[in-house]
Amino acid sequence: MSKLRVAVLGAKGRIGSEAVRAVEAAEDLELVAALGRGDSLEALTDTGAQVVVELTTPASVMDNLDFCVRHGIHAVVGTTGWTDERLAQLNTALAASPGTGVLIAPNFSIGAVLTMKFAEVAAPYFESVEVIELHHPNKVDAPSGTATRTAQLIAAARQKAGSAPQPDATATGLDGARGADVDGVPVHAVRLRGLLAHQEVLLGGEGETLTIRHDSLHHSSFMPGILLGVRRVVDTPGLTFGLEHFLDLK
Ligand SMILES: NC(=O)C1=CN([C@@H]2O[C@H](COP(=O)(O)OP(=O)(O)OC[C@H]3O[C@@H](n4cnc5c(N)ncnc54)[C@H](O)[C@@H]3O)[C@@H](O)[C@H]2O)C=CC1
Ligand SMILES: O=C(O)C1=N[C@H](C(=O)O)C[C@H](O)C1
């Protein structure tokens, strides 16, 4: 059986360099391009890449995906910064390129995907819920894509269940002290040397709290999810948002 031809964008970055090694080590995949900032995207078509793993920056991802989708190259995207407007733009591009698949995964690690799922399930059973994400200080975006997605899933689950707004008597204080408001869920971002990627979901009810915590201790935690995405996206046209759809965890 012929190997899937894979390219990595952001190949010199923290996660991109790990992804290069993971693709090289996979027997069913062939790394045909490893591109960094300033490299021409023509290398993707020249080398016949079938799937691109996009791990760059929120500022670069849209142009890169536009090129891939226009050329019928599937993409597995870990880069953050997704908004409704960006997703609509991507969906429009995909509609013009039937058969092309794009997976956007706010987080590729199985523990983080499960954290989101557990938080979604638990959220309607508690009065209060807040998200704290903790990352290395070189991260350019805040809050993290994972925390934003977690808060959105929590908010949707609470709305569906008819949950009341969260109790919060805060009337005065410093701007930002209560975190960012993502669909009514407070999200707090910590940047600390020594950390990699961590998240806590704090849930509180009468006389009890529940804490769901996940820690990515090494970039290797994201590799099984990236490889799964590469293998599945080629048979999944259109936009898939969240690795849970490839884990039968919806
Ligand atoms: N979904 C997930 O599980 C994960 C997602 N990420 C996300 O992946 C992205 C990258 O994270 P890091 O590796 O930590 O950042 P990084 O800054 O270490 O790496 C990004 C790399 O992309 C390169 N780059 C920028 N524009 C480019 C372009 N147009 N073409 C090719 N390369 C380009 C940069 O020069 C840099 O080497 C971030 O958005 C981060 O949040 C990171 C870890 C896990
Ligand atoms: O920048 C990172 O490191 C990470 N980014 C992703 C995010 O913003 O959620 C995934 C993970 O948290 C690591």
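Going from the start of the chain as shown, residues are counted 1 onward.
The backbone N, Cα and C atoms fix where each Cβ goes, and this holds for glycine too.
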Range among 158-177, 198-217 that TrEMBL annotates as region 'Disordered': 158-177
Chain-internal residues, separated by at least six, CB under 8 A from H136 ((S)-2,3,4,5-tetrahydrodipicolinate binding site): R191, L192, R193, G194, L195, L196, A197
Tally of residues which DSSP labels helix, strand or coil - the domain 'Dihydrodipicolinate reductase N-terminal' (5-108): 39 helix, 24 strand, 41 coil
Cβ contacts under 8 Å made by the region 'Disordered' (158-177) with residues that lie 6+ beyond its boundaries: 123-124, 127-129, 184-186
G145 ((S)-2,3,4,5-tetrahydrodipicolinate binding site): nearby recorded positions from K12, R14, F108, K139, Cα cut-off 10 Å: none
Whole-number Å value for how far T80 (NAD(+) binding site) lies from T146 ((S)-2,3,4,5-tetrahydrodipicolinate binding site) (Cα to Cα): 9
Whole-number Å value for how far H135 (active site, proton donor/acceptor) lies from R14 (NAD(+) binding site) (Cα to Cα): 13
